[in-house]
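Contents: one structure, followed by commentary.
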Amino acid sequence: MGRFIFMSFGFLVVFLSLSGTAADCPSDWSSYEGHCYKPFSEPKNWADAENFCTQQHAGGHLVSFQSSEEADFVVKLAFQTFGHSIFWMGLSNVWNQCNWQWSNAAMLRYKAWAEESYCVYFKSTNNKWRSRACRMMAQFVCEFQA
C-alpha cells in the first residue's frame, strides 16, 4: 500500500510539472500558446507604451497577433480586465515604410509628409483594427514569449 501511494504521488508530481505553461508567466500575467499577456490601464502614447512593455520583461513588446485565435484571446482578456476601451498593439507606420505610388503609376520621388505617424489599436469589444496618430493616448497590452 505504501509503495502505491509513493508511486501515485510521484506520477502526480511529474504530471503537474509537465502540465500547462501558465507557470512560465508571472502570476499577474495571462498565458496563451507559450506567450504571456497583460493589459495596462494607464494610457500612454504608442512609443511610451512600447518602451514600457520592453521594461516589463526581457523580450517584452506591445502585443502582436499571429492568428485570429490569439487576437480573440487578447480581446477577451482586455475586455474582462477593463471593459470597453481601446488598446495599442505593436503594429505601426512609425518608420513610414509604406510603398506609396501615384495613381498614374509614377514612382513617389518627392515627399512632403507631415511628421504624423500612425499606429494601430483594437477595441476591446472586437478584434477589428483601426489606426490613429501615435501621439494619442490609449491603454495597451504587453506580451512576451514564455
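Heads up, the Cβ atoms here are built off N, Cα and C, so glycines get one too.
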Quick one: which of Cys98, Cys119 does Swiss-Prot link to Cys134 by a disulfide?
Cys119
Can you check how the pLDDT averages out over the domain 'C-type lectin' (24-146)?
90
So which disulfide-bonded residues are near Ser64 (Ca(2+) binding site), with CA atoms within 10 Å, out of Cys25, Cys36, Cys53, Cys142?
Cys142
Winner by Cβ contact number (other Cβ atoms within 10 Å) across the binding-site residues Ser64, Gln66:
Ser64
